[in-house]
Structures are given as C-alpha cells and as structure tokens.
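What TrEMBL records for this protein:
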BINDING   Gly135, Val136, Gly137, Glu217, Glu218  S-adenosyl-L-methionine binding site
INTRAMEM  50-70  intramembrane segment
TOPO_DOM  1-49  topological domain 'Lumenal'
TOPO_DOM  71-82  topological domain 'Lumenal'
TOPO_DOM  104-130  topological domain 'Cytoplasmic'
TOPO_DOM  152-194  topological domain 'Lumenal'
TOPO_DOM  216-236  topological domain 'Cytoplasmic'
TRANSMEM  86-103  transmembrane segment
TRANSMEM  124-148  transmembrane segment
TRANSMEM  187-216  transmembrane segment
Amino acid sequence: MKGSGDQGSEPTSSSVAGTDCCGGLGNIDFRQADFCVMTWLLGHVDPLDPSFVAAALTITFNPLYWNVVARWEHKTRKLSRAFGSPYLACYFLSITILLLNILRSHCFMQAMMSQPKMESLDTPAARCLGLALLGVGVVLVLSSFFALGFTGTFLGDYFGILKEARVTVFPFSVLDNPMYWGSTANYLGWAVLHASPTGLLLTVLVALTYMVALLYEEPFTAEIYRQKASGARRRS
C-alpha cells in the first residue's frame, strides 16, 4: 500500500530510511490505520452471507437481552415474584444467557466455516497463537466465574443478591471486566486458529458490543452498590 505521497513507487534502501522511516511513528494516523484494517478485513468477508448476518445478530443481541431483562427485574422484581425467589429468578436468567451464548458461538463457527480462509494466517505460528489466546481466554473466564460465584456472574446484583465487598482477587486484580475480555480472547483465538478473516471481523464486533454494554452496566451496578451503602449508613 502506498502512502499519501506515493513514495511506494521509489526504491528506498535501509540506509536512506534510517530510524525515521515514514516520517516517524509520531506521524502515523492510527485512526486511519484502524480504518485500513477494517477495510482490508471487509475485502475478505461477505457481510451479506446469511451465516455472517446470523452471527452478527446474536453477538449484538445477547448483551442487549441480559441488560434489558436484568434492568427490568431490578425495577419491577417481577421475575423474583414469579419464581418466588430472587435466586431462582437469577438461575432462570442464567440458563437463558447460557443458551443464547451457545447459539452465538455456533453461529460464529458457522460463519467462519462458510467463508474462505486467509492463507497468510494459515501457518503453524498462527495456530500456536490461536491456542495461546484460547488458553488465556479460558483462564480469564473460569477464574472470573470462580471469583464472582454463580449469581455474581449472572447479574445477581440486579436481583438484590449483593456482594459484601468489591471482588479484587485474580483476575480482577490485574484486569477490569476479565469475563468479557476472556470471552473476546476466546473468539479471537478461534478466528486465528481457523485462519478466518470472518472470525477476526466478528471478534471486533464482539469487543465493540462488550464495550458498549459496559458503558451501561458499570454505572448502573455502581449505583446499586451506592444505594446499598447509603441504606446501611442510614440504618446505623
């Protein structure tokens, strides 16, 4: 790819380029670089393929579903009343989330299988990287689950099932929202392992969807615990 000055048409020796090649790193427009990466990925993917559309829909729908249902429960307590217990209501929501996540993963795999591989990524080194990403993702997801517990993982806060204190053990001691980033690492690992540009593009969508979800989840959860602390102060 040529630069804006079309310097790619002229041969450049390493002695001429030196350490200030391309005008130095300070002159790189990283927003333009991100755009180029997305354009390059789209050049290898058919976004109108039905399996790609299904994967994109499940990726965007799942966080929307659990946020809408959990907020509705927090506001109305209708699920807790219907099941006779906030714990049973939380377990019900967790089952639906798990089933939707299985569907999302299935659609993700189908989308990758239905579109061509990227030959440049189909190498032993890339497969090792994919396995490493999967390993990191599994560690983050499982350690987050054990640190939070079942209800803590599945939005128990919205059902009134609150933690006594903020969880600070690993992996929360090294990373915010490790469950989401572990999940993203898993999808990225599968995409790299299968040399799939479709998987890479869908992983970008996974990350963006989680980032948007966090914009709504984190302030809402913080407000739940602020109200809890305020109520405890009034009672004391």
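Heads up, the Cβ atoms here are built off N, Cα and C, so glycines get one too.
Automatic, uncurated: that is what TrEMBL annotation is.
The structure, with features from TrEMBL marked on it.
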| residue | record | Cβ contacts under 8 Å, 6 or more apart |
| --- | --- | --- |
| Gly135 | S-adenosyl-L-methionine binding site | Gly189 |
| Val136 | S-adenosyl-L-methionine binding site | Gly182, Ala185, Gly189 |
| Gly137 | S-adenosyl-L-methionine binding site | Gly182, Ser183, Thr184, Ala185, Asn186, Tyr187, Leu188, Gly189 |
| Glu217 | S-adenosyl-L-methionine binding site | Asn67 |
| Glu218 | S-adenosyl-L-methionine binding site | none |
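For the transmembrane segment (187-216), same-chain residues at least 6 beyond its ends with a Cβ under 8 Å from one of its own Cβ atoms are 38, 41-42, 44-45, 47, 52, 55-56, 59-60, 63-64, 67, 108-109, 111-119, 121-122, 126-127, 129-137, 177, 180-181. Here the topological domain 'Lumenal' (71-82) has Cβ contacts under 8 Å with residues 89, 92-93, 158-160, 220, 224 of the same chain, all six or more residues outside its ends.
The S-adenosyl-L-methionine-binding residues named in the record, Gly135, Val136, Gly137, Glu217, Glu218, extend over a maximum Cα to Cα distance of 27 Å.
In terms of DSSP secondary structure, the topological domain 'Lumenal' (71-82) contains 11 helix, 0 strand, 1 coil.
In terms of DSSP helix, strand and coil, the topological domain 'Lumenal' (152-194) has 22 helix, 0 strand, 21 coil.
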